[in-house]
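**Q** Structure below; questions to follow.
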C-alpha cells in the first residue's frame, strides 16, 4: 500500500509540473508561454496572413523538392556503394543519420547537410564521427531549430483560430527537441488551406532560420569589424598535441599564417584551398645555383623506396632532405641537402627554365619524397618559417585557424570561431529539419501537408473521400520507404567506414 501511495504521489508530482518520463524519453509541457504565443498569433493579422501564405507555398514546394532530393541522394549513395569510388570533392549530398520522435504535432528527423568546402560528403553521428568539442553546437542547434519550428506551428494555429493548449520540450535518448499541443478538433474543422498554413509553418520557419543564420555568417566580418579585422592571414587558434606542426619550430596559438609555399593565405578558406592545391599538384622545387648545390651537397648512397621514389639521405638526419634535379646531360641526379638552407634563400620553381639568371647557372631541385608526402614552407612572421614534411591533410586536420584577428589583446580569438561554427550548424540542421519534415512520410509534417494538399486540390476530381485517402496513403508509403532507405544506407555508410 505504501508503494502504491508513493507511486501515486510521484505521478501527481509529474502531472503538476507537466513532466512525462518513459524509457529513453523525457518530456515537459507547460502553459506558461500560452499568453506569449497568443500575443504573437494576434500581432498584425494581415502580415501574418501573408507570412504564413508564403510559408504554405514554400512548404508545398519543399514537399515535392524533398522527394527529388532524397531520390537523388539515394541514387548517389547506391552508385558510390557499387563503384566503391569516392565522390568528387565538390559534390554535396544529404545523408539522413537519425530519426528522433516528438510528442505533439510532428516527429523530428535529425540529419545534417554537410557543407564542408573541401571535404567529401559524409554523415554525422554524435559519438561516432562527431568530435566531442562539437557536441554543444550540435545539440544547441537541434534544440533552437526545433523550438523555432514549433513556434511557427503554434503562431500559425492561433492565427487560424485553433486553440493552443501548450508548448513543451523533450529529450529522446540524448537528442533535444520541442513540440506544441493543439486542439485536434479545431484542426479538423478548419479548411484544408488553413491547415496547410499551419502544417507548413514549421518547415517555413526552419528555412527562414537557415537563411538568417547564413546572412549572419556572411556579414560576420562587418558585424565584428569594430573588434576584429580580416584579410591579413589565418590566425592559429589551436594546434593538436599529436600534430606534426607541434614543436619548437612549428605553429603556436596566436601565430598568423600568411603563405603556404608560394600560395598567399588571407583567410581560412585560402588555407584550405592552398593545402588542397598542394595535395593535388606535384611537389614544387627550389632554385639553387650550381655553386651552392656543390657546396651544400655531400655524397650519400642512393636507394629506392618501396613506392618507387628515391632516397639519398641515409644518415637519418632531421635537417637534411634528398633533392632531385636534372642538367643537360642527366635528368636523374640526386643530392642530400640541408632543407632550411636550400629553401629559405630560394624561389619556388617547376623547371630549370624558372631559375635562369644571367651568368649564374642554376637548377630547380625538387624534394624526393614518398608518394602523397609534401615539403611545405609555412610563413608565419615574425617567426622563422615552418618546414613541414608529410601529408597536407594532416596539417589541415590538426591545426585550427580563424580568419578574424583581434584588434586588442584582451579580445578572445575563439569568439569569432564559435560564432562561425554555430551559424554553420544552424544552417545545416535547420535546413535539414526543413527538408526532412517536408517529406511525405508517416508521422512527419509532410504527412499532414500532403493530406491537406490533396483535400484542397483533388476534392473536385476525386469525389469520394476514401479514394483521396487511398491516394494519400500510397504516396505516404512510397515517401516513407524512400526516407527509410536513405536512413538505412546513411547509417550503413557511417558504420561501414
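Cβ coordinates are placed from backbone N, Cα and C, and glycine is handled just like the others.
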**Q** Quick check on the annotations: TrEMBL lists transmembrane segment for one of 111-133, 203-225, 226-248. Which range is it?
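**A** When 111-133, 203-225, 226-248 are checked in TrEMBL, transmembrane segment belongs to 203-225.
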**Q** Restricting to CB pairs under 8 Å, which listed stretch, 48-75, 135-152, 203-225, 425-450, is in contact most with the transmembrane segment (470-494)?
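**A** Between the stretches 48-75, 135-152, 203-225, 425-450, 425-450 has the largest tally.
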**Q** Taking the transmembrane segment (203-225) as the reference, which of 48-75, 135-152, 425-450 gives the largest number of Cβ pairs under 8 angstroms?
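**A** That would be 425-450.
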